[in-house]
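Chemist: Sharing a structure, written as structure tokens. Questions coming.
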Amino acid sequence: MTSFLPDVAEPKHVEIFAALSDGIIHDTSPALIKEVVGDTLTDAEIDEYAKTFNRPSQIPAFKDKILEAINTNTTEASRLFIVLMTVLDSRILAPTLTNSMTLVKDMTLKERESLIASWRDSPITAKRRLFRMVHALTLNTLALVASDLHNKAIHYPERETKDKPYEGFEADPFRYDMMPKPDIDGAELFLTDIDVIIIGSGAGAGVVAHTLANDGYKSLVLEKGKYFAPSEFNFTDREGLGNLYQGGGLLTSTSQEIFVLAGSAFGGGTTVNWSACLRTPFKVRKEWYDDYGLDFAATDSYDKCQDYVWQQMGASTEGIKHSLANEIVVEGGKKLGYASKEIDQNSGGHIGHPCGFCYKGCKHGIKQGSAVNWFRAAAATGSKFMDQVRVLQVLHNKGVATGVLCQDEVTGKKFKITGPKKFVVAGGSLNTPVVLQNSGFKNKHIGKNLTLHPVTTVFGDFGPKVNADHFDNSIMTSVCTQVDDLDGKAHGAKIETILNTPFIQGALLPWRGSDEMRKDLLRYNHMCAMLLITRDTSTGSVSGDPQRPEALNVDYNVSKFDRNALLQAFLITADMLYIEGAQRILSPQSWVPIFESKVPKSERSITDKDYVEWRAKVAKIPFDSYGTPYGSAHQMSSCRMSGKGPKYGACDTKGKLFEASNIYIADASCMPTASGANPMISTMTIARYVALGLCKDLKTKAKL
Ligand SMILES: Cc1cc2nc3c(=O)[nH]c(=O)nc-3n(C[C@H](O)[C@H](O)[C@H](O)COP(=O)(O)OP(=O)(O)OC[C@H]3O[C@@H](n4cnc5c(N)ncnc54)[C@H](O)[C@@H]3O)c2cc1C
């Protein structure tokens, strides 16, 4: 329908968007800023702040970043953006969206704010969807281009400042050598010394390369993202997102309902993830066995693989020092009798891991991801690594893969790699299906059944006397499982803690108008962000955009059951925040009343009348599709494994693609359904199992 439109947005379209963004947040009086920041800024700095960090439309870097975001999204999303902005700039068409004869750019700031509020509260889904897009894109982007004064006001250091994580720490100077790419377009690399090509370098890929290496096999690991040694992980948020995340960290579902974060750098998700190690829940393994025929999920083969990955990364609760948010889950849960506990961390025996910046890579190399840990055995025994190379297709003939077609991400030159006899696709649940689809494989499960573990956030504001200093400790060290099984089938929501960085805070805070938003942004260091994370009953799909290889179509909507699970988790979280002394409790939905109390923590009881009345009221307000901001950092099951044949999955229980004899899948995409627990350990466990089978296949082949 929109194919007659240009594919690329222009600055004129962004001008219209920026005029809308000004409705989300605009000029604030110095008095209001002072009310929140107190003495953190001098009066002169507050005046300067008010003059220079006011409306998005007056910040050139904001507009540049929006243009980049729109034009790196899918072609269809860019076109939709252009249509919307064109409509909003047309005197004839705009009133259908604005109910006004005045164009957005000619409206006063207050009129724009009212327009945004009317979209937020509209019974029309398309308008609420528009609100969600403007809200998330504006606040996320604004945080990424925040002025130094804003960062000073919120005590945000922007990057890891500690030289050493603890006394006596010695940094490991090891660096991987990256294999050079051919200079000539159309070249073919024929590699006889490599046994297996591995596509991707994330959680699954690392375990496969390690397992092969320990059995004497050599692999070539191909990663579309860039390799950074730990000492190079010293990015601002803007740099970190651009360098380490899929689509520069700006990926959203096509409906705009959910934003999606996935790692895309050497090490994949394990480079940016939050170290939390949780085993696959029993009921999930039972479901995989009962419904999808994964025999090994019910046996000690699974346990052995899981124990192996656990030990290899030194997962443990030793040395955990909780951040304020994590303390709330542990202590609040204990006081109220909720099922809360510490989460093991893959810190590899280090005595501490005080790294709240780990989402931009672990500068100290403590987190035992694929680069720090799993690929080391492979590097030591002759395996090779190539970064900034995108595998476009696995080449195959009559069900046998013969090579891969690659593109150098820097020069754009294409080349083939042939020679190795086996191929492992481990590009993660967003990309593995796209590589397979582009290669011409047709199984109907490729790209379907995508699960995302949708999340949303509850904010607890502890008042100006509390400085949460989110970056002094690890990000995620606690979990509450009180409502994570609402149907007896392990569907429900866990409560954990989200990385509380300004760009995530901005996208997830409820919007109640410009001044309220400004105040909440400035209260950043007094607030804790609690994560509600559901094991989804919803599923979606993913496919590529032929014109933009890094852009992905993610079709996904959060189901009513899952939204209710998040609501139940919200109530439990509110209890913990209340008992731990939060002065304000903010639902992610703007229309839910904020709970406020100045009663000291020591005098609070969960039966306090004002709290009980508020809780009863908010328990009746369902989570809306677009009224609540949703996100995902866990993508799974888009190439489901099945023990029941190709009608039920994309690969067999050895990870072998049903349509080819020498292609294996070994990443989160081959889980039959969502793992329920944070998926790194489950992904690695399955990858270990697939890799052990692959080693056997390589041996069998050698004997024949
Ligand atoms: C911000 C964040 C925090 C997280 N925190 C936790 C946590 O604390 N605990 C936990 O258990 N889980 C966590 N996860 C999830 C966990 O990291 C992932 O589930 C896991 O890494 C998935 O592994 P994978 O092998 O499927 O793919 P990934 O680890 O995502 O790796 C896939 C890699 O393949 C590359 N690739 C893709 N396509 C191609 C191609 N065509 N050519 C070449 N390379 C390609 C990608 O660039 C990427 O680097 C987190 C994830 C994120 C994003």
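A Cβ is built for glycine as well, from the same backbone N, Cα and C atoms used for every other residue.
As annotated in TrEMBL:
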| type | residues | note |
| --- | --- | --- |
| ACT_SITE | HIS634 | active site, proton acceptor |
| DOMAIN | 243-455 | domain 'Glucose-methanol-choline oxidoreductase N-terminal' |
| DOMAIN | 538-687 | domain 'Glucose-methanol-choline oxidoreductase C-terminal' |
Chemist: Take the Cβ of HIS634 (active site, proton acceptor) and count every other Cβ within 10 Å, whichever protein chain it belongs to.
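Modeler: There are 28 such Cβ atoms around HIS634 (active site, proton acceptor).
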Chemist: For the domain 'Glucose-methanol-choline oxidoreductase C-terminal' (538-687), provide the mean pLDDT of the predicted model.
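Modeler: Within the domain 'Glucose-methanol-choline oxidoreductase C-terminal' (538-687), the model's average pLDDT equals 97.
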Chemist: Could you give me three numbers for the domain 'Glucose-methanol-choline oxidoreductase C-terminal' (538-687), the DSSP helix, strand and coil residue counts?
Modeler: 44 helix, 30 strand, 76 coil
